[in-house]
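Enquirer: Dropping a structure here in structure tokens format, bear with me for questions.
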Amino acid sequence: MSHESVWNSRPRTYGKGSRSCRVCTHSAGLIRKYGLNICRQCFREKANDIGFTKHR
């Protein structure tokens, strides 16, 4: 069995491997709250555009 035939050999329908950022398709550091599905790096860039404000 070659590497190509083993890679993605099963469908990813649940778990961390099935989800990715809707902006950059990165899968780590994903913010899923409120249905955002954005990685934390993209969230920091787009937070003001989405409507989030920083409280201090």
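Just so you know, glycine gets a Cβ as well, placed from its N, Cα and C.
This is the feature table in Swiss-Prot:
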type    : residues           : note
BINDING : C21, C24, C39, C42 : Zn(2+) binding site
Enquirer: What number of additional C-beta atoms lies within 10 angstroms of the C-beta atom of C24 (Zn(2+) binding site)?
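Expert: C24 (Zn(2+) binding site) is surrounded by 12 other Cβ atoms within 10 Å.
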Enquirer: Count the other Cβ atoms sitting within 10 Å of the Cβ of C39 (Zn(2+) binding site), across every protein chain shown.
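Expert: C39 (Zn(2+) binding site) is surrounded by 20 other Cβ atoms within 10 Å.
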Enquirer: Within the same chain, and leaving aside C21, C24, C39, C42, name every residue whose CB is within 8 angstroms of the centroid of the CB atoms belonging to the recorded Zn(2+) site, in sequence order.
Expert: S20, R22, V23, T25, H26, G29, L30, I38, R40, Q41, F43
Enquirer: 10 Å Cβ neighbour count around C21 (Zn(2+) binding site)?
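Expert: I count 20 other Cβ atoms within 10 Å of it.
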Enquirer: Which chain-mates of C42 (Zn(2+) binding site) that are at least 6 residues away have a CB under 8 A from its CB, listed by sequence?
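Expert: Listed in sequence order, they are C21, V23, C24, H26.
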